[in-house]
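Single-structure report; data block below.
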Amino acid sequence: MDVHVVDHPLAKARLSTMRDARTDSAAFRAALHELTVMLVYEATRDMPVRIERIHTPVARTDGYALASPPLLVPVLRAGLGMADQAHKLIPDAQMGFVGLARDEETLKPTPYLESLPESLAERPVMVLDPMLATGGSMEYTIRLLIDRGATDVTAICALAAPEGIEHLEKTGLPLRVVTASIDERLNDSGFIVPGLGDAGDRQYGAV
Ligand code: PRP
């Protein structure tokens with residue numbers, strides 16, 4: 001499994017804002033929006049492009065576009081805070097949705113929404129979720145995508161726990177992870193340490 005940590009001062013700065021317990025919801029959402037732009041920018045770096053001749057006001061030249069815009073899949077709730085920014089960068093992307101809530105006791109994901117195209121063969125997919133903790137939610141989501149024929153899946157996460165990365169590696173699922181940080185560990189409650197708390201609650205309030 002390919003894991004790419006976006007090691008950039010601006011990404012670190014936005015992630016620090018998100019980590020800081022004094023950051024209110026509006027500032028947290030703003031920092032996540034900006035970080036998402038950087039992560040998606042890096043995640044799309046090697047995507048194939050389509051070239052067509054265009055006219056500038058001065059001359060003819062090559063114009064570029066993504067050859068195959070990915071399907072964006074935010075994992076609700078927290079991934080919703082990444083969806084619009086990713087969509088702005090890739091305006092011709094389609095979007096699917098997966099809703100999962102992690103059981104606070106068992107740490108297992110409970111699905112409540114699945115809105116995805118029937119076939120994902122030949123289509124790159126980008127899963128958007130700020131947090132990869134135990135990896136259970138991401139594994140569940142990736143399996144939904146693979147069941148529909150996806151072979152090119154990238155998980156875009158603001159931060160990840162080493163345990164979650166290890167878990168996904170053990171599944172052997174074909175997957176690439178792009179994140180701004182691999183933190184120290186998970187604590188006994190399944191929270192990433194040092195982490196940022198609960199990305200859903202920090203954006204939208206506790207439920
Ligand atoms: C959080 C987070 C991930 C998941 C990560 O969501 O946004 O989806 O937990 O944990 P895991 O790697 O251990 O599965 P949560 O279930 O708290 O729901 P929310 O987005 O609605 O807050």
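Note that the numbers count up from 1, one per residue, in the order the chain is shown.
Backbone N, Cα and C atoms are what each Cβ position is placed from, and that goes for glycine too.
Nobody curates TrEMBL annotations by hand; they come from automatic prediction.
Sequence annotations record features per position, and here TrEMBL assigns domain 'Phosphoribosyltransferase' to 5-205.
Taken from TrEMBL, the feature 5-phospho-alpha-D-ribose 1-diphosphate binding site covers R77, R102, D129, P130, M131, L132, A133, T134, G135, G136, S137, D198. Within 10 Å of the C-beta of G135 (5-phospho-alpha-D-ribose 1-diphosphate binding site) we count 23 further C-beta atoms, all protein chains included.
Residues or ranges marked as uracil binding site in TrEMBL: I192, G197, D198, A199. In three-state terms derived from DSSP, A199 (uracil binding site) belongs to a helical segment. Residues near A199 (uracil binding site) in space but far in sequence (CB under 8 A, at least 6 apart, same chain), listed by position: M18, L32, A78, G81, P130, M131, A158.
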A133 (5-phospho-alpha-D-ribose 1-diphosphate binding site) and D198 (uracil binding site), Cα-Cα, nearest whole angstrom: 10
DSSP-derived structure type at S137 (5-phospho-alpha-D-ribose 1-diphosphate binding site), helix or strand or else coil: helix
Extra residues within 8 Å (Cβ to Cβ centroid of I192, G197, D198, A199), uracil: A78, P130, M131, F191, G195, L196, G200, D201, R202
D129 (5-phospho-alpha-D-ribose 1-diphosphate binding site) - helix vs strand vs coil (DSSP): coil
Local confidence of the domain 'Phosphoribosyltransferase' (5-205) - pLDDT mean: 97
Of D129, A133, G135, S137, i.e. the binding-site residues, those within 10 Å of G197 (uracil binding site) when Cα atoms are compared: none
